[in-house]
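Peer 1: Here it is: the structure, laid out below.
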Amino acid sequence: MDGKKCSVWMFLPLVFTVFTSAGLWIVYFIAVEDDKIFPLNSAERKPGVKHAPYISIAGDEPPASCVFSQVMNMAAFLALVVAVLRFIQLKPKVLNPWLNISGLVALCLASFGMTLLGNFQLTNDEEIHNVGTSLTFGFGTLTCWIQAALTLKVNIKNEGRKVGIPRVILSASITLCVVLYFILMAQGIHMYAARVQWGLVMCFLSYFGTFAVEFRHYRYEIVCSEYQENFLSFSESLSEASEYQTDQV
């Protein structure tokens, strides 16, 4: 891959993945240090530690909760930006837009879920927190499958299979983790459920990092134009737009 020909937008999903991963692990280590949770590699519980190392429990009390809220808010914002850019990227390349629109809506709902679970801690409002968790995991999983299908279908720069197959594998891994997580939770096997949850989140973040492969081919621009007093007619506007169609913003 020639770095000189790569768009700077490829770094957006990478920043999302690295920043969110680092932030969540900081929350984890703060909670372990404060004896709020016991470590993921513990064979048994430490004396005085009451909780399994779920992400929500790790970020439930200050100071970890402050970091957790900030990380989830920033992650939700970056995920929303990725969702919009991905939608714009694929819009001129898909004949039936419903799948692309579904991917945008699903990721927007997952982003909204991130803000709920990040700002409504488990002990403060468990119901809203769980709604946020369901939105994030549920629509996040749906997003992964939709984007995997779009990757194989659109085949940008003939890299559809190279990127699509790893996304299918990650989507299957995420789906398996979600199923295992709820099964283990229902059976009260909290240590293994917490480990699966961390694996699930890392798979999600790895998936988002793969968007860098396709974003490196695209340049996005924000165009600012001065307000004109003399309006063009609607037909003239359409005519100009049809003459200058690109897949850039």
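Cβ coordinates come from backbone N, Cα and C, glycine included.
The topological domain 'Cytoplasmic' annotation in Swiss-Prot covers 1-9, 86-97, 152-168, 214-249. The feature topological domain 'Extracellular' is assigned by Swiss-Prot to 31-64, 119-130. Residues or ranges marked as transmembrane segment by Swiss-Prot: 10-30, 65-85, 98-118, 131-151, 169-189, 193-213.
Quick one: where do these features end up spatially?
Peer 2: The topological domain 'Cytoplasmic' (86-97) scores a mean pLDDT of 92 in the predicted structure.
Residue counts for the topological domain 'Cytoplasmic' (152-168) under DSSP, split into helix (H, G, I), strand (E, B) and coil, are 15 helix, 0 strand, 2 coil.
For the transmembrane segment (98-118), same-chain residues at least 6 beyond its ends with a Cβ under 8 Å from one of its own Cβ atoms are 56, 59, 68-69, 71-73, 75-77, 79-80, 82-84, 86-87, 90-91, 128-129, 131-140, 142-143, 146-147, 149-150, 153.
Outside the transmembrane segment (193-213), and at least 6 residues removed from its termini, the chain residues within Cβ reach (under 8 Å) are 10-14, 16-17, 20-21, 24, 40, 52-55, 79, 82, 86, 137, 140, 144, 147, 159, 162-163, 166-167, 170-171, 173-174, 177-178, 180-181, 184-185.
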Peer 1: Hey, which bits of the same chain come close to the topological domain 'Cytoplasmic' (152-168), Cβ under 8 Å, at least six residues off its ends?
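Peer 2: Long-range Cβ neighbours of the topological domain 'Cytoplasmic' (152-168): 89-90, 93-94, 99, 144, 207, 210, 213-214, 217.
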Peer 1: Tally Cβ pairs under 8 Å between the transmembrane segment (10-30) and each listed stretch (65-85, 131-151, 169-189), then give the stretch with the top tally.
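Peer 2: Ranking 65-85, 131-151, 169-189 by Cβ pairs under 8 Å to the transmembrane segment (10-30) puts 65-85 first.
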